[in-house]
Amino acid sequence: MVAVDLKSIRSLLVKRRNKKKRKMEKREDLRSILPYLPVVMRSSTLFWPSQVVEALKELARGPLHSHVDSGHILFTAIEDIRNSLSLSSNSLAPSTSLGYSLFFDELMTREESRKWFEEVVPALGSLLLRLPSLLEAHYENADKVLNVGAMIGTGLRMLDSQEAGIVILSRELIAALLGCSLFCLFPDHDRYMKQLQIINFDQLFAYGIYSFSLSLSLYEDYSQKQESKIRCIIHYFQRISSDMPKGVVSFERKVLPFEGDADLISYPNSNFWSTSAIPLCKFEVHTSGLIEDQSGEAVEVDFANKYVGGGALGRGCVQEEIRFMVSPELIAGMLFLTAMEENEAIDIVGVERFSNYTGYASSFRFSGDYVDERDVDNLGRRKTRIVAIDALCSPGMRQYREKFVLRELNKAFCGFLYQFKYQKYQKILQENGWSSEQFDASTLTYMETSEGEISNHEFEKFQNNYQQMEQGNNIGVATGNWGCGAFGGDPELKAIIQWLAASQALRPFIAYYTFGLEALQNLDEVASWILSQRWTVGDLWNMLIEYSTKRSKGETTVGFLRWLLPSLYGHGTRLNSSNSP
């Protein structure tokens with residue numbers, strides 16, 4: 001019988017644990033985000049201060065032990081935890097405490113309130129107790145997620161401007177981080193200086209009480225809107241407290257570098273667009289329905305603020321804010337994603353939708369539970385793909401100047417571009433000695449040759465290779481009137497810009513939701529006519545610039561669609577089927 005040296009085994013385990021701790025302390029990703037997290041690190045270990053541990057344990061034991069059975073007492077407990085973390089109560093929005101009291105004690109039904117304090121709050125207390133261990137497990141596995149060693153880090157960190165990179169978080173960790181937001185536990189002393197959004201929920205509740213307390217009828221709808229935003233968030237916590245979601249969510253900052261990079265597509269200039277021989281992709285027009293309700297796997301466009309999330313945690317309640325409310329896991333990105341520059345976009349993959357809703361802006365209303373049945377990919381991400389791109393704000397007539405048309409086009413292109421796919425496409429062309437014009441002519445006519453230069457056999461071989469390469473990435477774009485509401489953009493211009501961007505990014509189609517906008521009533525007919533001419537991206541770009549130049553000089557005042565095909569509007573024909581630019 002072999003004797004077991006327990007002392008030696010214990011010593012070995014301690015050495016391994018200490019090695020892991022030292023490795024944690026040296027991680028640059030952790031060091032970058034640590035000042036913005038509520039937990040602290042000492043001796044290479046993440047932990048809550050002892051007073052916080054005791055407070056969370058009390059919450060986890062339920063209201064019979066914690067006595068937290070009302071919104072007023074809940075906020076008192078939150079203040080005590082904040083004090084233990086040396087967070088000043090003065091940094092919270094005024095009336096926050098009244099907002100918590102109003103919502104949980106008056107707006108909730110008695111049964112809803114009972115379940116919240118007896119079931120949800122204890123579950124959140126237990127979840128937050130595990131935040132340090134969830135973070136440590138995250139960093140221990142962060143370099144293994146993509147199975148490429150430490151070549152591509154996915155650890156939670158600040159993703160600063162011009163820093164292309166990806167953060168992949170477990171949905172359980174996201175739930176814990178959002179629990180910290182509900183309890184207002186994130187430090188916020190220099191978030192604005194870092195160009196970061198607010199992340200605590202104090203303004204969400206404070207603006208609620210401000211609105212609810214106003215007796216003027218002008219504010220009645222607004223107060224219901226704010227209540228509905230909070231109900232979406234609370235519904236999320238109710239769901240995850242009884243059934244913790246599995247899988248992960250990825251948050252990626254995409255950058256088109258201004259300076260040349262051999263490994264990346266750089267920020268394109270006008271010549272790039274005017275000479276592009278890429279064929280225009282399929283254009284689908286939907287006069288009804290919502291982007292998030294599209295049934296396929298298309299990339300959904302978030303009409304974003306440059307600060308991702310916009311006013312989701314404040315007064316805002318338009319397209320971006322609503323998307324963040326019905327899928328609260330999106331909010332986690334606001335913790336570490338700084339403001340976007342003109343050559344950047346943000347990709348978020350894997351969030352779940354939890355809430356149904358009706359209305360928009362002041363008419364927005366929470367309308368109950370939503371069961372999200374989307375499949376998951378091989379990383380464990382739900383196949384919901386959202387790209388945040390920020391449009392020019394209040395552009396007026398400058399939006400027709402070439403400089404600003406180019407800005408919007410490159411912003412959308414950055415969002416829609418899948419760099420790996422684009423690089424593979426270019427590599428296959430180079431390996432076969434083909435020009436992009438030869439490839440594009442072949443894809444337009446499928447199996448036809450381009451002046452006999454590419455044989456059917458060669459093209460079949462290419463298509464087989466291309467289809468294998470593209471497996472799982474042949475995904476279109478679902479979008480609408482990006483930057484055309486409160487931001488004041490021209491919907492006809494933005495529709496064409498997004499079509500150009502999706503086509504150049506090699507997306508197979510763009511599904512465009514017009515939301516019944518009258519200016520786009522002929523969009524389907526114009527798009528069909530353009531496709532019948534087999535225009536390239538360069539052809540349509542040149543036509544758009546011709547129009548924009550005339551519009552900016554005051555030589556025309558009509559929209560692009562009427563200018564291009566006046567016959568649809570009963571004023572003769574500018575172009576016929578034999579014309580091309």
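Backbone N, Cα and C define each Cβ position, glycine as well.
Automatic prediction, not curation, is the source of TrEMBL annotations.
Taken straight from TrEMBL:
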type	residues	note
DOMAIN	108-253	domain 'PARG helical'
DOMAIN	271-522	domain 'PARG catalytic Macro'
ACT_SITE	ASP302	active site
BINDING	ASN305, GLN319, TYR360	substrate binding site
ACT_SITE	GLU320	active site
ACT_SITE	GLU321	active site
Number of Cβ atoms other than its own within 10 Å, given for GLN319 (substrate binding site): 24
Residue pair GLN319 (substrate binding site), ASP302 (active site) - Cα distance, angstrom, rounded: 7
Pairwise Cα distance for ASN305 (substrate binding site)/GLU320 (active site) [Å, integer]: 8
Neighbouring C-beta atoms (10 Å sphere around the C-beta of GLU321 (active site)): 21
Euclidean distance between Cα atoms of TYR360 (substrate binding site) and GLU321 (active site), Å: 10
Whole-number Å value for how far TYR360 (substrate binding site) lies from ASP302 (active site) (Cα to Cα): 15
Cα separation, GLU320 (active site) to TYR360 (substrate binding site) (Å, whole number): 11
Under 8 Å by Cβ from GLU320 (active site), same chain, sequence gap 6 or more: ASP302, PHE303, ALA304, ASN305, GLY309, GLY310, ALA312, ALA388
Residues in the domain 'PARG helical' (108-253) grouped by DSSP into helix, strand and remaining coil: 81 helix, 15 strand, 50 coil
Cβ neighbours of ASN305 (substrate binding site) where a neighbour is any other Cβ within 10 Å: 23
For ASP302 (active site), the number of other Cβ atoms found within 10 Å of its own Cβ: 28
Taken over the domain 'PARG helical' (108-253), the model's mean pLDDT: 89
